[in-house]
């Protein structure tokens, strides 16, 4: 109880004798002299406030801004188009014009930026922008150090630069400013802007460059003259979101890569046919893999007990692929021939990784089919259950028309002509049935391990006595590149998404149509989100532009990485790609065991998208050659039939009609681990 007595009898008044007042000065008990106080005491009253008051936003203004969107019930695509138009108009007008006026102008002119700008700029509110610019120029003029009387004697026309002009015309609009040249006189320090003729369609704007030129008046005259001499030569406008220079893509494509044409090549074939070893040895012989790296691969493969896989490790970079000895994902690299720049894609051959193979084949222009010439190995890959047949059908269904068949491992059969002719006879008949022309298919005997007949014609007497054809590299160089869809709207299908070291994130994929420049605004579908292309990387090198056929990496800002998935398609906001869950298609049924009926579940493979789907309707059976309807509303579809069906996906998918975009109108249907049909989109429902 003593402890409780101590607590009850404790005198708390001793602890509260003096209050500690923090944050303000308390006078001491003794006085201090004024001089000492001025030297050591900080006076808050005499000093200006270091913290400026934060301007608070008016809730009513925000409410009015949000209500302007509510008043106009717009769809998701129209909202994206509206945001794109507002961004372009703000880049030109700045924040001088309220957003509600800009929105009304855009909606009245049906999302036409040219007409909307003309309407807004004709109003009186643009005059406020002109008044502010004149005040800024006059302020910079006083800073020159001249007397106020001499400044007022000059006429206002000599001080204020002429308002520059911006012309918006044509289908593609060029956002830019015409910068007036500023000249300085030694005596008067006056500015003169040469007069330029302008058309009636030109729209007046105060250029920010004109303000910068006026601020240069604080510099000496010889400095201004030196800057004029440097600016006398025309310099291209920097590629940015605000000022972007339009380029001639076709002319730039001819200049790029020394006049060499771009070709996308995919290597396909049955598992263990030697695809990675063949192309890895080809890259080593071309010098794309140095000797030091190759020696490292040889030593590491020997330690792992896979000495024959040394060249395959050039393309199989992951530890799991090297450990299993099987390619699992599409390996991509680049090499050059005499007339071509080849983007090489090494596709997996195992049946478990057919979806990855479809992704690589969908991005290819031509293909190399690798078959094993060993006894029993070719038959295992070519007969039922092998991947040689399925890969051949897949690449033909995905638009590949030119094919080189590399009959590999010919050294194991001592370069026998009989074995080569046996393989070419069986494969040639099958490829002709699959839709390949005989003139577009070439058979080449090779050896991936020894390097025979890869980049130079073989000198082996066992081969030269009966084969006089091209080597593999010469055959690849003789492929004809397809016609690129440069004039069509921009389309890029995302094959990978990753976080960049800097701001934003990166997506990789092949540009299927159109072209892109740094600073372009893009629309991602189906997420329906807009962003800006901050940077473009082609073959690990930064570039300012890229066109159809290029495999690029885009650095994007203004969007959350969570909203982008593999399979999303980037397009221009003005001409977006269509998004739907139901569409009609014409399909060709392959060799299937179970007939296709209404409600049949399938897996839709479209570019890099893999989406579950259901066949909702069987509309009609078509004639293979003429396309005429032979039977309406069939109850089932069997192998070899050509039919018109309606499919429905679980989630929205971005599609294009085959007649408009052949690259984006093809798809494959798989069921239970095998490909059952190939098709093209004929109608998009919703």
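Please read every residue number as a count from 1 along the shown chain.
Placement of Cβ uses the backbone N, Cα and C atoms for every residue, glycine included.
Among the features that Swiss-Prot reports, GTP binding site is placed at 269-276, 408-411, 447-449. Look at Swiss-Prot and you will find 148-158 tagged as compositional bias 'Low complexity'. Taken from Swiss-Prot, the feature compositional bias 'Polar residues' applies to 190-207, 214-235. The annotation phosphoserine is assigned in Swiss-Prot to 49, 68, 118, 153, 155. Per Swiss-Prot, phosphothreonine is recorded for 233. The N6-acetyllysine annotation in Swiss-Prot covers 624 and rests on similarity to another entry. Annotation source Swiss-Prot lists region 'Disordered' at 144-163, 188-242. The feature region 'G1' is assigned by Swiss-Prot to 269-276, with sequence analysis given as support. Annotation comment: Swiss-Prot describes 408-411 as region 'G4', evidence class sequence analysis.
Positions of Swiss-Prot features highlighted on the structure.
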{"residue": "118", "record": "phosphoserine", "CB count, 10 Å": "15"}
{"residue": "269", "record": "GTP binding site", "CB count, 10 Å": "27"}
{"residue": "271", "record": "GTP binding site", "CB count, 10 Å": "19"}
{"residue": "273", "record": "GTP binding site", "CB count, 10 Å": "30"}
{"residue": "275", "record": "GTP binding site", "CB count, 10 Å": "28"}
{"residue": "408", "record": "GTP binding site", "CB count, 10 Å": "27"}
{"residue": "410", "record": "GTP binding site", "CB count, 10 Å": "29"}
{"residue": "447", "record": "GTP binding site", "CB count, 10 Å": "25"}
{"residue": "449", "record": "GTP binding site", "CB count, 10 Å": "18"}
{"residue": "624", "record": "N6-acetyllysine", "CB count, 10 Å": "10"}
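According to DSSP, residue 408 (GTP binding site) sits within a strand segment. For the pair formed by residue 273 (GTP binding site) and residue 118 (phosphoserine), distance between Cα atoms is given as 65 Å, rounded to the nearest Å. Taking only the Cα positions, the spacing between residue 275 (GTP binding site) and residue 624 (N6-acetyllysine) is 34 angstrom.
Look at the region 'G1' (269-276): DSSP puts its residues at 2 helix, 1 strand, 5 coil. Under the three-state DSSP scheme, residue 118 (phosphoserine) falls in the helix class. On the 0 to 100 pLDDT scale, the model's mean across the region 'G4' (408-411) is 92. Cα of residue 118 (phosphoserine) to Cα of residue 269 (GTP binding site): a distance of 59 Å.
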